[in-house]
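Straight from Swiss-Prot, the features:
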BINDING   Ser53  D-glyceraldehyde 3-phosphate binding site
ACT_SITE  Asp95  active site, proton donor
BINDING   His96, His212, His252  Zn(2+) 1 binding site
BINDING   Asp131, Glu161  Zn(2+) 2 binding site
BINDING   Gly213, Gly253, Gly254, Ser255, Asn274, Ile275, Asp276, Thr277  dihydroxyacetone phosphate binding site
Amino acid sequence: MPIATPEVYNEMLDRAKAGKFAYPAINVTSSQTLHAALRGFAEAESDGIVQISTGGAEFLGGQHNKDMVTGAVALAEFAHIVAEKYDVTVALHTDHCPKDKLDGYVRPLIAVSEERVKAGRNPLFQSHMWDGSAETLADNLSIAQELLARARAARIILEVEITPTGGEEDGVSHEINDSLYTTVDDAVRTVEALGLGEKGRYLLAASFGNVHGVYKPGNVVLRPELLKELNEGIASKYGQPAGSKPFDFVFHGGSGSTAEEIATALENGVVKMNIDTDTQYAFTRPVVDHMFRNYDGVLKVDGEVGNKKTYDPRTWGKLAEAGMAARVVEACGHLRSAGQKIK
């Protein structure tokens, strides 16, 4: 299927909220990990989101130049072509972008889509993330207002993170403490600045104890029920009916989450869940297994010539793709998006 148009992307998000499921947002760093994500979505019969972080884009730009925009645009254009061969609909997104990288990443990418839209085409990416969690909320929302206005004109959705997610993601790090919980006051200030859709659609990465990276169960206290409090607080203040879900929430830092925590988040308006750490492991684990099992073929040991079939990147690359795709299928099951593809 083609990459989602702006209209289809909005439909995807509306369907997720109404159906109480969420789309896995899979970080990719190469054409191979892109295919793994697309394959996983197709096998699960789930639509989904593929995203590129600043670090991923830099890697894609090549180690000689490390140009983030070049890397992101190149993989996005590639995705627009290869996605046609998969019977699911996928949206393209850029992940965490802090203030010091806006001018080298998100702003130029919005400009690319602005030019495409002026020419009567669809935007290259369907959404971009502004991560202002390291800034004061006032500065965060001020920049978000500027980006939201540009995104709306380019038919793009903006994702904002208003309070910190713990751990580290591509150089953006926060301590694990009480600041990891968004308050109703934070939500009110967000709506005052960004509106409730009339200024452009945005996704909200609210914090309810989330932590990026790897952690053991019990080390982090997630409170997904907090999302209900945020929705209720805004619905009450703005005269919306009881049970309204004014926000499109994003779940960051979900590695190690329990099924119950994920279910509670879905019930309260989460429509997108970022997955990176787990799929990185799922991609790499089969490669390690292959290398250990074929050590004397992969390396030229004791004067031998090795075995080309074992060190051919396609041999172990196929295993990596299959491993990551299987983890994407698992994620679709956890998030209830499996079998929910747009017909």
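Heads up, the Cβ atoms here are built off N, Cα and C, so glycines get one too.
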TODO: Please work out the number of neighbouring Cβ atoms within 10 Å of the Cβ of Ser53 (D-glyceraldehyde 3-phosphate binding site), leaving out its own Cβ.
DONE: 26
Open item on the list: Within 10 Å of Asp131 (Zn(2+) 2 binding site) (Cα to Cα), which of the recorded positions Asp95, Gly254, Ser255 do you find?
Closed with: Asp95
- [ ] Quick one: pull the CA-CA distance for Glu161 (Zn(2+) 2 binding site) versus His252 (Zn(2+) 1 binding site), whole Å only.
- [x] 10
Open item on the list: Can you tell me whether DSSP puts Ser255 (dihydroxyacetone phosphate binding site) in helix, strand or coil?
Closed with: coil
Open item on the list: At a 10 Å cut-off from the C-beta of Gly254 (dihydroxyacetone phosphate binding site), count the other C-beta atoms across all protein chains.
Closed with: 25
Open item on the list: Cα-Cα, whole number of Å: Asn274 (dihydroxyacetone phosphate binding site) versus His252 (Zn(2+) 1 binding site)?
Closed with: 5
Open item on the list: Using a 10 Å cut-off between Cα atoms, which of these recorded positions sit near Ser53 (D-glyceraldehyde 3-phosphate binding site): Asp95, His96, Gly253, Gly254, Ile275?
Closed with: Asp95, His96
TODO: Work through the binding-site residues one by one (His96, His252) and point out the residue whose CB has the fewest other CB atoms within 10 angstroms.
DONE: His96
Open item on the list: Counting across all protein chains present, how many other Cβ atoms fall within 10 Å of the Cβ of Asp131 (Zn(2+) 2 binding site)?
Closed with: 28
Open item on the list: Can you tell me the CA-to-CA distance separating His252 (Zn(2+) 1 binding site) and the residue listed as 'active site, proton donor', as a whole number of Å?
Closed with: 10
Open item on the list: A 10 Å Cβ contact count, applied to the recorded positions Asp95, Gly253, Ser255, Ile275, Asp276: which residue has the minimum?
Closed with: Ser255
TODO: Measure from the CA atom of Asp276 (dihydroxyacetone phosphate binding site) to the CA atom of His96 (Zn(2+) 1 binding site) and give the result in Å, rounded to a whole number.
DONE: 12
